[in-house]
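Peer 1: What TrEMBL shows for this protein is this:
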type     : residues : note
REGION   : 110-201  : region 'Disordered'
COMPBIAS : 133-142  : compositional bias 'Basic and acidic residues'
COMPBIAS : 147-175  : compositional bias 'Low complexity'
COMPBIAS : 176-190  : compositional bias 'Polar residues'
DOMAIN   : 187-253  : domain 'DUF1899'
REPEAT   : 312-354  : repeat 'WD'
REPEAT   : 355-396  : repeat 'WD'
């Protein structure tokens, strides 16, 4: 009472016993609530619940509907027979031990029971008024398109199971279907994300680094285009010799027109990444099949660097991508056109393991958050999972995205699931969710997003379970909350920038302004 939120939960005898289905914001504060009996529901509109809310000045019906393609027919799985209105026995019979139950009646409009029961008039209480008025609560001002959710066939497998996903709509008074994206979200997904109102915005210009010149915009699709850590960014340049600019984030503003000091890598840059534990160490994969490690001086580059700290040799062809280990220092993994994945120990400057099993180009690889496993997705349409400490062969593999144009993968939901972004055979961009322990079973869920040429780069925020997806050349960043139970992907507000991205990188969580509730 006194609140303006209505929560709807699904109750099950197994864990999780309570699952939130929706929450609905009402216009006025609640002074009282009553559920309308099931016999009064509009079953042909798939209305499964109607609540009357008493506010200070009104009685507001709140209707919950499960959308179905056909509203011409009666859906028996949503409306099992319910308790009727005729008593099973009388008071004397109950005291005498009669335990009959009230008969059940069908909710089908054509099979409705017409029998009614009137309680006997109690003797000696004077005249009674037996007339009654029918109040019609059937025609509420509910906009049916807003009051839609989505129930998957699996959740309605058995007639009589109430495992349906519901969503609330009370027409204009709900505040639930405010924006167009919200309306489509309601019609597609049912449950909604608690982060659906996350807002992306570009920070003030005085924090931008401007006047960047001669950037290389031709890095391979497996590369993010540039890389950043808490202190600085590294940007590949177009000039010969694989030059890389290193800019300090603590010194924003316009760069000078004159040449700035760079790293002279000596070979065109295929991928580059910062050491997560040493903000001054940069690993650069070259198109000459070598990996060079560079150390940035304290305070940033003052002069051109020409000598790397170390060079790692072992691959026989151009390298696609390199990734540092998330848990152990001095461990780096690389993938190459020679169809191998190699793990390097940097302190010794040598290769310690070569992972086998790929038969085509390796699009992407990712360490699990606990550092035990390495997942890869390849052009041969397979996802592979390795445990490098146990074997150089894949521990398991499963079907990946069909399209051979590119793919990325990232671990989600505490490292128990894998999210893969790729293409289908018609070049539609899609995201797929796999259970990491059950890759051969294929994806749990597939969500098609749009048709565009560039691979979606996923970034996952483990604190909120929100994944950010965008491609090079896109202006839109998709946001989804990823959950380990259906419907798996909950849409959040997307972010649109004024001009297309050439690259897209997330800073460590410690860079967030938590007082502003910034989470990425």
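Here the Cβ of each residue, glycine as well, is placed from N, Cα and C on the backbone.
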Peer 1: Would you kindly list the residues that approach the repeat 'WD' (312-354) from elsewhere in its chain, counting only those six or more residues past its ends and only Cβ-Cβ distances under 8 Å?
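Peer 2: For the repeat 'WD' (312-354), the far contacts come to 220, 222-223, 270-278, 283, 285-293, 360-367, 369-371, 374, 376, 386, 388, 392.
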Peer 1: Taking only the residues in the repeat 'WD' (312-354), give me the average pLDDT of this model.
Peer 2: 94
Peer 1: By DSSP assignment, list the helix, strand and coil residue numbers for the domain 'DUF1899' (187-253), in that order.
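Peer 2: Helix, strand and coil residues of the domain 'DUF1899' (187-253) number 6 helix, 18 strand, 43 coil.
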